[in-house]
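Below is one structure, written out as structure tokens; comments come after it.
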């Protein structure tokens, strides 16, 4: 990892809130290339920059290929942080990542270097910018009891014990139903109320320069298909083989990453190469669709919306950093 060097005349650090850039969007939308291009454009104005990963798959050392982590060539000398930082045997939660991201951001700001967050994990970004609800640890007995309940029974219980949270969820949303029910039973307080008390966010402490990439869906899905097929032929199969050999807990995030299940089935003889590629590409498209919907609806209107491939890096720099325009 290359360390960013501070420039003595860093023009964005003049006594105001320190700058924080953000390039977000669905998988395969070209975020990494935009982030590198933006860093280079800033460098050309005399302002150093560095990239911080905010993708929940790219944090794992075990997922170089399947997470589409930038190669050394693609990094083109721009400092990159929090890529491959966690071992797959560890679960990197949004709070874990945000704590490390805050540390790196503080170091870069101290050196008058602009941090550029890049990734598509909305929960990571929300936790960093808005903070996290200070929900106490859940009683293990309550957690076991709730997670053993059938979904219809859990949802019915939630409608009685926390009707507002239940009304905001689809009856089939097992993960969120279970979480809401275990929180209200363990703490006596609705998860919605806890979320009103978020702490630790840095959104008010920085000068956020944010952009969301929302390309044409057809263009995006075609890239998803092409990229997964390329991954399959360029190391993803061996990567999954090595991951399976570690005999990790199947519930770990690294084991649930897109492509792991599909390639594991291929390796065990459960499907053909073509079937594995088709299934992996479909899973990637489904994920991109969910991300696209989230990024279209959730971020503030003040965040720039851009549509690759027509939108170019130079335009991004002009919009996010007009104070550096020449």
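Think of each number as a place in line: the chain as shown, counted from 1.
For all residues, glycine too, the Cβ spot is worked out from N, Cα and C.
These come from TrEMBL:
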- 25, 26, 27, 28, 29, 30, 31, 32: ATP binding site (BINDING)
- 27, 28, 29, 30, 31, 32: substrate binding site (BINDING)
- 55-58: region 'Interaction with substrate tRNA' (REGION)
- 121: site 'Interaction with substrate tRNA' (SITE)
- 143: site 'Interaction with substrate tRNA' (SITE)
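Taking only the Cα positions, the spacing between residue 25 (ATP binding site) and residue 121 (site 'Interaction with substrate tRNA') is 8 angstrom. Within 10 Å of the Cβ of residue 27 (ATP binding site) there are 23 other Cβ atoms, across all protein chains. Tertiary proximity for the region 'Interaction with substrate tRNA' (55-58) is limited to same-chain residues at least six positions away from its ends with a CB under 8 Å from its CB atoms, namely 66-69, 83-84, 92, 97, 118-121, 123-124, 253, 257-258. For the pair residue 30 (ATP binding site) and residue 121 (site 'Interaction with substrate tRNA'), the C-alpha distance works out to 15 angstrom. Taking the C-alpha positions, the distance from residue 28 (ATP binding site) to residue 121 (site 'Interaction with substrate tRNA') comes to 13 Å. When pLDDT is averaged over the region 'Interaction with substrate tRNA' (55-58), the result is 98.
Apart from 25, 26, 27, 28, 29, 30, 31, 32, the ATP site neighbourhood in this chain, defined by C-beta within 8 angstroms of the site C-beta centre, holds 120, 213, 220.
Residue 121 (site 'Interaction with substrate tRNA') is 9 Å away from residue 27 (ATP binding site) when you measure Cα to Cα. Residues 27, 28, 29, 30, 31, 32 make up the record's substrate site, and a Cβ search at 8 Å around their centroid adds 25, 26, 33, 68, 120, 213, 223 from the same chain.
Here residue 143 (site 'Interaction with substrate tRNA') is positioned 38 angstrom away from residue 29 (ATP binding site), judged by their C-alpha atoms.
For the recorded positions 29, 32, 121, the greatest number of Cβ atoms within 10 Å around a candidate Cβ is found at 29. When the Cα of residue 121 (site 'Interaction with substrate tRNA') is compared against those of the binding-site residues 26, 31, 32, the shortest separation belongs to 26.
Here the region 'Interaction with substrate tRNA' (55-58) has, by DSSP, the following mix of helix, strand and coil residues: 0 helix, 0 strand, 4 coil.
On a Cα basis, residue 143 (site 'Interaction with substrate tRNA') lies 38 Å away from residue 32 (ATP binding site). For the binding-site residues given as 26, 30, the lowest number of other CB atoms within 10 Å of the residue's CB is seen at 30.
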